[in-house]
Amino acid sequence: MTRWLMRRRVAAWLIFGGFAALPLIAAMTGDPYLVVVATRILAFAMAALALDLILGYGGMVSFGHAAYLGIGAYAVAILSRAGITDLGAHLGAAVVAGSAFALVTGAISLRTRGIYFIMITLAFAQMAYFFFVSLSAYGGDDGVTLAARSTVLGQDWLADDRVLYYAALAMLLGLYLLCVAITGSRFGRVLTGARENPLRMQAVGFTPFRFQLTAFVISGAMTAIAGVILANQASYVSPAYMNWHRSGELVVMVVLGGIGNLLGAIAGATLALLLEEWLALFTEHWRLIFGALLILVVLFSRDGLTGLFRGRAK
Amino acid sequence: MSLLSVRGLRKSYGALKVTDDLDLEVTEGELHAIIGPNGAGKSTLIAQLSGQAGSDAGSVLFAGAQMMGKPMPARVRAGMSRSFQITSILPGFSVLENVSTAVQARAGSSFRFFAPVARDADLNEQAIAALAQVGLSDRAQTRAGSLSHGEKRALELAIALATQPRLLLLDEPLAGTSGAEAERLVQVMAGLKGQVTLVLIEHDMDAVFALADRVSVLVYGRIIATGMPAEIRADPAVRAAYLGDA
């Protein structure tokens, strides 16, 4: 076990080191677009990380996590329209709104298990999607273009793509360290135990529901933070962020990277978005190739990308 | 005095009365065995007592407190723990983690998000003590799912003990174990006598008569006799209903 923790630490240094060095590489190759793409990757990595917390550790397959991306993005759009442009306020509003939506929908969804849980989280996300589609004050289906990015201390530092990139990277690192702490804590042990055998956990005196709901709320809040970054990266917010395809893509990212080890989610999001960019250069039917790759990964490595680095199963 | 006092307990599945106006008194400190033929309702009774299954009517007083209507986690926190007939452990956790998770359930809040639980000395020390009690000390770091069947049964006992129960409900702890494994588990249970009150459901009559202070015989959802092992052996009604064909 400790060996596995050592490997994870090395992998974390490599991944975050690589991200930190990326703008330098972009500057050397003279490709500023790379930083823009990478910021998008960081936002989705946050969302995938949040999903892995409940999917990988809690056994809760949420098929509606895109809703939280949209909630975070609309927090930026709505507050900016009202003249509040501060990043801290945007993040605060996103976390509060994401937590509230997760608390209400999670409390209901967690009454069910398995396929019903998947369906009910999907249904709630679709309700959120159609709510924003019909919100004509914010462009309805078309969405809204942001006048400017969020500000920090009244300054428009984030207008520089590289500053936004490093801000996103710092947030991803913070959320990753938060998840490492949570999953290794007393709380994390109960969450994982409830996935392994809920009856056993009740038989030693735990009520799994309270722990699962708490994790669900934490995950929702984290994904809303990813939405704030996404809105800033695109300077544009629309209901498309909350589309159920998007929820499916988040699940794919987690599975592709390997569930239940946090770094896998980050790696999966990175690989999925890079493949999307790269394969799209060759053919408009890139999804076909992507699908085939996903099948291969799932068939040959239960643990996704991380399985390739972990060596043979015990 | 009675630690557990069951009065008029009932449960039906449709027309089938699985538990039929059942009365049971378990004295503090005793090992009380419940025997009965297959289908007598023994496992259902444990499920009802532990709160896993609901009851249609009756009263379950534990240490003077009414347990009817309380869910399983609340009953465990009140001091009633159980083991399962079909082994129920956390297979992906290590043996030590299985037990220290149970310790954690009794040791204050589990809404702690930052301190690493693997290095939680309070939890691990108590868990190691519980493992020593069942003879699994040298398997602490093994993945629970890869233990032998007999070791899993012992682990389940250690998990139940780690919740520091006043009353331990054991549902066929010897089920499926081999001779040597069963012997070891019987020794463990003999060692528990006096420390904790035990209700033991078991098909192994040698084990029951060796361990029990008192025996109750359950037939068609009713207790038809309760007494010392020797009295039960001699009871003609019991012999007719059960022991005769054993």
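Including glycine, each Cβ sits where the backbone N, Cα and C put it.
Unlike curated entries, TrEMBL annotations are predicted automatically.
Away from its own ends, the transmembrane segment (A:37-55) comes close to residues 19, 22-23, 26, 61-62, 65, 68-69, 161, 164-165, 168-169, 171-172, 175-176, 179, 182-183, 212, 215-216, 218-220, 222-223, 225-227, 229-230, 233-234, 250-251, 253-254, 257, 259-262, 264-266, 268-270, 272-274, 277 of its chain (Cβ-Cβ under 8 Å, at least six residues beyond either end). Taken from TrEMBL, the feature transmembrane segment applies to A:37-55 (among others).
According to TrEMBL, the transmembrane segment annotation covers A:67-84 (among others).
Tertiary neighbourhood of the transmembrane segment (A:90-108): same-chain residues 64, 67-68, 71-72, 75-76, 78-80, 84, 120-121, 124, 128, 150, 212-213, 216-217, 219-225, 227-228, selected by CB-CB distance under 8 Å and a gap of 6+ residues from either end. The transmembrane segment annotation in TrEMBL covers A:90-108 (among others).
Taken from TrEMBL, the feature transmembrane segment covers A:115-138 (among others).
Within the same chain, residues 12, 16, 19-20, 22-23, 35, 38-39, 42-43, 45-46, 49-50, 52-53, 57, 87, 149, 157, 211, 214-215, 218, 222, 225, 229, 232-233, 262-263, 266 sit at least 6 positions outside the transmembrane segment (A:163-188) and bring their C-beta atoms closer than 8 Å to a C-beta of that stretch. Residues or ranges marked as transmembrane segment in TrEMBL: A:163-188 (among others).
Annotation source TrEMBL lists transmembrane segment at A:209-230 (among others).
What TrEMBL lists as transmembrane segment is A:250-274 (among others).
For the transmembrane segment (A:286-305), the list of distant contacts is 252, 255-259, 261, 264, 267-268, 271-272, 275-276, 279-280, 313: same-chain residues at least six beyond its ends, Cβ to Cβ under 8 Å. The transmembrane segment annotation in TrEMBL covers A:286-305 (among others).
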